[in-house]
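Everything on this sheet refers to the single structure shown next.
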Amino acid sequence: MAATTAAAAVPGVVRAERLLRGGCVVMAATAALLLGFSAETKTVLFVRKTAVAKDVQALWVLTVAAAAAAGYQFAQLVRCMYCSSSGDAGAMAVAWTSFLLDKGCAYVVFASTAAALQACMVGLIGVEALQWSKLCNIYTRFCEQAAAGMLCSFLAAAGMAVLSAFSARRLFRLYSPAGHRRSCPRAAVLATSPH
């Protein structure tokens, strides 16, 4: 009875992982597109200036990190669909690689989002001690697009943190005796044979 409920739970976990990876692809790609293509041109004191993501280094890093994370999550989504249909999801090297890359991806996206948020707060409220003026009063549309991009990347980072928990669960189940028997038919035969 317990084996049938465990077997029935696995497709639900795989389905949840697929949905979450798909959501992370969409959120990270949306963040990269919003940040990468946001630009606004204004004339201030007879000088025409265009605000783009490259003007704030942290926004540019977030744009690149979100684009890379979207590509990685898409590759993992394809791997998840392929491995669940072929039954090769129990490979130890694949589990370790997925675990480490999922963790790294979540950390990089979260850290770059936090850095971009901190840098953009200067543009939002200014710093009078350093005589940095508020820029979001001038470049309103650019700031709104940057805020939407950072919100999408924060949601993607939260989803990636949950996905790293899925990867950790899959990896550490390979080290449990019950999980090892399910993923390795030879071990199941050796465990049931008399010594």
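Note that Cβ sites are derived from N, Cα and C of the backbone, with glycine treated the same way.
If you look up Swiss-Prot, you'll see 1-18 (among others) marked as topological domain 'Cytoplasmic', on the strength of sequence analysis.
Summarised as a single figure, the pLDDT of the topological domain 'Extracellular' (40-57) averages 83. According to Swiss-Prot, the topological domain 'Extracellular' annotation covers 40-57 (among others), on the basis of sequence analysis.
According to Swiss-Prot, the feature topological domain 'Cytoplasmic' maps to 79-106 (among others).
According to Swiss-Prot, the topological domain 'Extracellular' annotation covers 128-145 (among others), on the basis of sequence analysis.
Annotation comment: Swiss-Prot describes 167-195 (among others) as topological domain 'Cytoplasmic', evidence class sequence analysis.
Within the same chain, residues 50-53, 59, 62-64, 66-67, 69-70, 73-74, 76-77, 80, 109, 141-142, 145-146, 148-150, 152-153, 155-156, 159-160, 162-163, 166 sit at least 6 positions outside the transmembrane segment (19-39) and bring their C-beta atoms closer than 8 Å to a C-beta of that stretch. Positions annotated as transmembrane segment by Swiss-Prot: 19-39 (among others).
Look at Swiss-Prot and you will find 58-78 (among others) tagged as transmembrane segment.
Here the transmembrane segment (107-127) has Cβ contacts under 8 Å with residues 28, 56-59, 61-62, 65-66, 68-69, 133-136, 139, 143, 146-147, 150, 153-154, 156-157, 160-161 of the same chain, all six or more residues outside its ends. The feature transmembrane segment is assigned by Swiss-Prot to 107-127 (among others), with sequence analysis given as support.
Same-chain residues lying 6+ beyond the ends of the transmembrane segment (146-166) with a Cβ under 8 Å from its Cβ atoms: 13, 16-17, 20-21, 23-24, 27-28, 30-32, 34-35, 38, 53, 59, 62-63, 65-66, 69-70, 73, 76, 99, 102-103, 105-106, 109-110, 112-113, 116-117, 120. For 146-166 (among others), the entry in Swiss-Prot reads transmembrane segment.
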Helix, strand and coil totals (DSSP H, G, I; E, B; other) for the topological domain 'Extracellular' (40-57): 4 helix, 11 strand, 3 coil
Spatial neighbours of the topological domain 'Extracellular' (40-57) far in sequence, C-beta under 8 Å, 6+ residues away: 63, 116, 119-120, 123, 135, 138-142, 146
